[in-house]
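Quick look at what TrEMBL annotates:
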type: BINDING; residues: Ala42, Glu63, Leu71, Val107, Trp365, Gly372, Val373, Ile374; note: FAD binding site
type: BINDING; residues: Gln178, Gly179, Asn180, Val181, Arg222, Arg223, Gly372; note: NADP(+) binding site
type: DOMAIN; residues: 33-189; note: domain 'FAD/NAD(P)-binding'
Amino acid sequence: MSCKLLLSAVGRRRLHKGFAVCGKAFLSSGSPKVCIVGSGPAGFYTAQHLLKAHQNVQVDVYERLPVPFGLVRFGVAPDHPEVKNVINTFTQTAKHPRCSFYGNVNVGEDVSVDELQEAYHAIVLSYGAEGNRSVGVPGEDLPGVYSAKDFVGWYNGLPSCQELRPDLSCETAVILGQGNVALDVARILLSPLDALKKTDITQPALEALAQSRVCRVLIVGRRGPMQVASTIKVYLPRPRKRLTELMLKTALEMPTEKEQERRKKASRIWGFRFFRSPVEILAEPGCNRVAGVRLAVNKLEGSGEKAQAVLTGEVEDVPCGLVISSIGYRSLPIDPTVPFDSRRAIVPNSMGRVHNAAGLYCSGWLKTGPTGVIATTMNSSFDTARSLLEDVESGKLDVSSAKPGSHMISSLLEKRGVKPVTFSDWEKIDDLETRRGEVSGKPREKILTVAAMLKVAQT
């Protein structure tokens, strides 16, 4: 289902002094001031729903980086520009007269959650999952081993990943994990350079890929093809689902004689390696860098989604010079005052209401864990917005007294020497990136450091 259809299903009928949302009218209840922490899909979808559903709500969105849009900018593969079209919707939300954007504000450092709670009636934490899940095997810290999160951030222009400079001088790469991100990484490693030149991939990444010797990619997973197919069915949007199902079909079918001959001549190849779990990253003898991966051979017990991978006792070694771990993202705690479940790496909540923390809510991956695609996040964020508005309407969230909102926070930030980036400032960055891209036939050429972003924003 498209985002447009999903949005229309929410309902947009205006009522006397309120809006109808899923059959409920949220009448005017003072002027709730809501702060959203994080400007990725979860943050913007939460803001969008609040603004549509309540005629007096004021929403301020705070973002650590000078630029908005989170994983849409820094996580979506460059060769899938259609997924980034949702930025147009987020831009409309950011320009809403009752919405303000404050970039370059690091909540938890520049301003505390306690201070935000003093300034706003409600806080929605939507800052996503910036950490990596550890593989937990010997050798994972060897040079030549990278997390998919960092690798994706590198080719997508995330400032914190620009020092990565991955070594692509080997012929074989192994990707641990068979999810959405793993397939993106494999595609970027093997895509023809001419195709990537037309995307918004960063210039340093493009130059590195031009020199890459990687010509074989193995995508390793602990379970089997049926479980991968099930994940595709549940989580991928239709166009990518068809592409990935085709990849899976190609990988599983016995190739014809003609196809076998064609593959022998192919300059770049890839494949799935099912029923395998990493037990060690192997080092090159006498040299401190990756030389291979030791994989345990699994068998499945049970069926369908409940099937469990069980070790058989067999192991095999796969020589490679590059290992990319793509076993998932992980949310991190933002402030000692905010409840956090370290085992599940989420903020404990019920329908977005943070446990034992009145006026505190969460949405997106921080709420659910890092699963699903943008449409999944949209629905989850709408649910959080509905919970917040129900609390306003029931009186559980007291909005009767006035709150200072951004006036108080702006004053604190000024005293602390922090200069927020407004959405108009972001548009200066956007304009420059777009003009730079036009020179080389790309949608944009991203600015790669926070300092350079701020220089453009503040001129």
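Cβ atoms here come from the backbone N, Cα and C positions, even for glycine.
Sequence features annotated in TrEMBL and their locations in the structure.
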residue : record               : Cβ neighbours (10 Å)
Ala42   : FAD binding site     : 30
Glu63   : FAD binding site     : 26
Leu71   : FAD binding site     : 22
Gly179  : NADP(+) binding site : 21
Asn180  : NADP(+) binding site : 20
Val181  : NADP(+) binding site : 23
Arg222  : NADP(+) binding site : 22
Trp365  : FAD binding site     : 29
Gly372  : FAD binding site     : 18
Ile374  : FAD binding site     : 19
Binding-site residues compared (Val107, Val373) - the one with the fewest other Cβ atoms within 10 Å: Val373
Whole-number Å value of the largest CA-CA distance among Gln178, Gly179, Asn180, Val181, Arg222, Arg223, Gly372, listed as NADP(+)-binding: 20
Binding-site residues listed as Gln178, Arg223, least Cβ neighbours within 10 Å: Arg223
Local backbone state of Ala42 (FAD binding site), from DSSP in three classes: helix
Neighbours of Val373 (FAD binding site) among the binding-site residues Gly179, Asn180, Val181, Arg222, Arg223 (Cα to Cα, within 10 Å): Asn180
Between Leu71 (FAD binding site) and Arg222 (NADP(+) binding site), the C-alpha gap once rounded to whole angstrom: 26
Entries of Gln178, Asn180, Val181, Arg222, Arg223 which, being binding-site residues, have CA atoms within 10 angstroms of Gly372 (FAD binding site): Asn180
Using Cα positions only, nearest of the binding-site residues to Glu63 (FAD binding site) (Gln178, Gly179, Arg223): Gly179
Model confidence over the domain 'FAD/NAD(P)-binding' (33-189), averaged pLDDT: 97
Spatially closest candidate among Gln178, Asn180, Arg222, Arg223, the listed binding-site residues, to Ala42 (FAD binding site) (Cα to Cα): Asn180
Using Cα positions only, nearest of the binding-site residues to Arg222 (NADP(+) binding site) (Val107, Trp365, Ile374): Trp365
Cα proximity to Asn180 (NADP(+) binding site), best match among binding-site residues Val107, Trp365, Ile374: Ile374
